[in-house]
């Protein structure tokens, strides 16, 4: 509890004890009224103050005004009737303040939980200057500076490791509990926690442009983007509160006037009491507080899992996603070429890889790099001569004096060498040695381990159609889509074609159904922005992704996509539950209050009780780990 909450708790306890004592000791007359007024002011002076300020600033219709009018009116009725029963006025204010304290504590606790989960802002950076370490504010560190991160410290800025190796805890960024290994030459981002070795890092960004700053800015700004549900509640409260105030006024005076006109005795005190009860019941706190809190908790719970949602409007849109469109490379596949098969003629696999890696040693093409990686040894350039790259065909070279030709089927045809067709999925590199066909190597973009499971989870969670877009050849695209269970696939697309295809899909879907596009955020910003909701995955350290997307997945695990949708749907369910529950109870109690069945005690439950239950339900949106 903070200082303000402790002060409120003390006021509640004093007022409650004083109310109990006043009901025991025999006090009558003006002294009784004075003691009850003191008790009332102890518990309610701030509400009266806020109501007065609201009237002065022409913001009359709020919960403070409703409570002030209702409780002051109850006091006035007790004085007018001469009953001396001031308990209800004080009890209503007392329970209202208990509800406010609970709400303040619950909101504060959920904010603290989220702050703790997102506690990635570093307090300092150890800058190396003239052989010694100087502790400075991260804002003061320039690009190209050398910083030292000790075990247990947060990495303060983005950079490249120039010395040392360690394990990094990235859980605050990605939701991933397993540590990641890092060594010299690796890029490193701010917000990670160094777990073991000492790291020397050369910074590549200033703190204001670093990953941790971008993430914190994104989370802090998320509350400013309101959902349709929040806008509805704001508009509803603006109309609802004046309406119930005027209804209470009508309830207080119209029935007695009708009684007078019909010759019956006008019972003003009964109808004014009902009107005051009506005002207490009508307070819209449960809706005004719990709906934004539900979204806040949902966004906070998602951030805990490494899913950054830029606002409650995007959370709400995501919950209605029925179409999910994927860019293949880097999203469903690893985006890294690997040798997936070697089919030889009369030569060993290892020898084919060796000749291929040596012949391709001068090329920077991704396929060449994958061959060198599969070979796994240092390239001895002295063994290679007469390298010639033939654009669109492949490479010819001499390795250990042998004439090596490696490339596509067009190269084999060009050289007049008979070759075997390969029906494996991937890029086929055919090889000939001294004019004789030696075999071929299959190079594939490897599918991520959880891609198939992610597609199945999406369908289980209610996504009606999954689509894959790719620039790959039709045969490769269809094989990948088929193995993953994707409904539709469009291949051989240029970046502009992907935008056109998404726009086409947007035109055929139902208006209430939403289309989510999932990409790596690096080269598909136009598609991310034209979809109903853009999701960038594996975006840890990518400024482009954080800028372009509506939802940023810090990890590159495809299972984060169905998890994000499940989190959004749980949050929206809670919002609808709170709206339905609060309105049903409110309107039922308003009707009972108007006909005199519900007294002030019912009113207290309808206001404070509903608010507490709605807040407790809203906080459930924080718990998303096992979805």
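Quick reminder: no glycine exception, Cβ is built from N, Cα and C everywhere.
Remember, it's a predicted structure, so these values are computed and weren't measured experimentally.
Per TrEMBL, transmembrane segment is recorded for 12-28 (among others). Taking Cβ pairs closer than 8 Å, the transmembrane segment (12-28) reaches residues 35-36, 38-39, 42-43, 84, 87, 90-91, 94, 97-98, 101 in its own chain, all 6 or more past its ends.
The feature transmembrane segment is assigned by TrEMBL to 64-83 (among others).
Among the features that TrEMBL reports, domain 'P-type ATPase A' is placed at 121-220.
TrEMBL lists 236-258 (among others) with the feature transmembrane segment.
Through the fold, the transmembrane segment (270-296) approaches residues 63, 66-67, 69-70, 73-74, 77, 92, 96, 99, 103, 106-107, 110-111, 114, 223, 227, 229-230, 233, 236-237, 240-241, 244-245, 247-249, 251-253, 255-256, 312, 315, 571, 574-575, 578-579, 581-583, 586, 589-590, 593-596, 598-600, 602-604, 606-607, 610-611, 613-615, 617-619, 621 of its own chain, all at least 6 residues removed from its boundaries and within a Cβ separation under 8 Å. Annotation comment: TrEMBL describes 270-296 (among others) as transmembrane segment.
Annotation source TrEMBL lists transmembrane segment at 574-594 (among others). Within its own chain, the transmembrane segment (574-594) has Cβ neighbours under 8 Å at 229, 233, 244, 251, 274, 277-278, 281-282, 284, 286-287, 290-291, 294-295, 298, 602-603, 605-606, 610, 613-614, 617-618, 620-621, counting only residues six or more beyond its boundaries.
Annotation comment: TrEMBL describes 600-619 (among others) as transmembrane segment.
If you average pLDDT over the domain 'P-type ATPase A' (121-220) in this model, you get 86. Only residues 6 or more beyond the boundaries of the transmembrane segment (600-619), in the same chain, are considered here, and those with a CB under 8 A from a CB of the stretch are 70, 74, 88, 91-92, 95-96, 98-99, 102-103, 106-107, 109-110, 276-278, 280-281, 283, 285-287, 289-291, 293-294, 297, 574, 577-578, 581-582, 585-586, 589, 592-593.
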